[in-house]
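Trainee: Got a structure for you, written out below as structure tokens; questions coming shortly.
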Amino acid sequence: MDRYAVFGNPIEHSKSPLIHSLFAEQTQQAIEYGRQQPANDRFNEAIHAFFAEGYTGANVTSPFKLDAFRFADELTPRAKAAEAVNTLYKRPDGTVLGDNTDGEGLVRDLQRLWGGLDGKRILLIGAGGATRGVILPLLTAKAHSVHIANRTAAKAHALADKFDMGNKVTGSGFKDLPAMDFDGVINCTSSSLNGDLPEISSDIFANAVFAYDMTYKAQQTSFMCWAQEHNSAIKVGDGLGMLVGQAAESFYLWRNVRPKIEPVIQAVRELL
Ligand code: ATR
């Protein structure tokens, strides 16, 4: 039986084992999926031992996504653009492929919730790893443009410059947003975990069709409530679907079978 695990520290509360067991049941695949928690400076030893023991693949979460990026023998274009790896796959020839399925997980969840992204002008709030991982997948899904707004403006500019795609990817601080309407606003910061809000103008929601928060809670997040206060017609969603979506993409890479995410989102939400 093929064996997999999720690496992180801490990892005790990870939902990945549950999600993958639900995928396996749904698609009738016989797999084992566990948890691994190396010390913060011991990822390399742990992942070498893991593959030497005959495991087939791993999911990788905080704080090891950069370690996994460096460990992989080969990287997919989206992992290169993200500069982070959340999925490792030991191929039949013995080499380890590093992929990043976070952005595709987001795109699939947005499509599931509200349809295609064609021509949509997207605002991303935050300029950290979570933002970097979704830019290329959003553009690949035909978004018109991506604007990155960050509390620390210089980080948004640096990230936009890195992509070097002209008006397709731009950056600013919160106070000097460009005069443009956004069709979709995505909170890529973890502000909602503490019930906080990014200190950006609520005008960002004025003409938006959707507001999506990458974090999730048992109830609507502070960011989702805030969006609705300023635009009663706006549709809102949280990051549980992105979590299940990225797992589905990993499962697909490993098993060549694409599980349905909707029933798994529902099952996991019931346990929040
Ligand atoms: P991740 O990998 O999850 O994206 P990160 O690389 O630490 O984490 O980046 C976190 C991002 O969220 C940063 O852009 C941070 O803004 P700064 O660059 O100004 O620090 C942003 N962020 C986190 N909490 C925030 C808050 N309460 N309000 C606004 N921005 C916040």
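Note that Cβ sites are derived from N, Cα and C of the backbone, with glycine treated the same way.
Because TrEMBL annotations are produced automatically, they should be read as predictions rather than curated entries.
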Trainee: For the NADP(+) site that TrEMBL assigns to Gly126, Ala127, Gly128, Gly129, Ala130, Asn150, Arg151, Thr152, Ala153, Ala154, Lys155, Met214, which of the candidates Gly98, Gly103, Gly239, Gly241 is also assigned?
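Mentor: Site partner of Gly126, Ala127, Gly128, Gly129, Ala130, Asn150, Arg151, Thr152, Ala153, Ala154, Lys155, Met214 for NADP(+), according to TrEMBL: Gly239.
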Trainee: Check TrEMBL: it lists Ser14, Lys15, Ser16, Thr61, Asp102, Tyr216, Gln246 as binding shikimate. Then name which of Asn44, Asn86, Asn231 it lists for that same site.
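Mentor: Record source TrEMBL; matching candidate: Asn86.
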Trainee: Using the alpha carbons only, what distance in Å do you get between Ser16 (shikimate binding site) and Lys155 (NADP(+) binding site) once rounded?
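Mentor: Their Cα atoms are separated by 30 Å.
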Trainee: Take the domain 'SDH C-terminal' (239-269) and find every residue of the same chain, 6 or more past its ends, with a Cβ under 8 Å from one of its Cβ atoms.
Mentor: 2, 4, 15-16, 18-20, 22-23, 26-27, 29, 31, 56-57, 59, 86-87, 89, 97, 99, 101-102, 104-109, 112-113, 212-216
Trainee: Rounded to the nearest Å, what's the C-alpha distance separating Gly128 (NADP(+) binding site) and Asn86 (shikimate binding site)? Just drop the number here, would you?
Mentor: 15
Trainee: Tell me which recorded positions (Lys65, Gly126, Gly239) have a Cβ under 6 A from ligand 1; sequence order is fine.
Mentor: Gly126
Trainee: Pull the DSSP breakdown for the domain 'Quinate/shikimate 5-dehydrogenase/glutamyl-tRNA reductase' (113-192) and write it out as helix, strand, coil residue counts.
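Mentor: The composition, in the requested order, is 30 helix, 18 strand, 32 coil.
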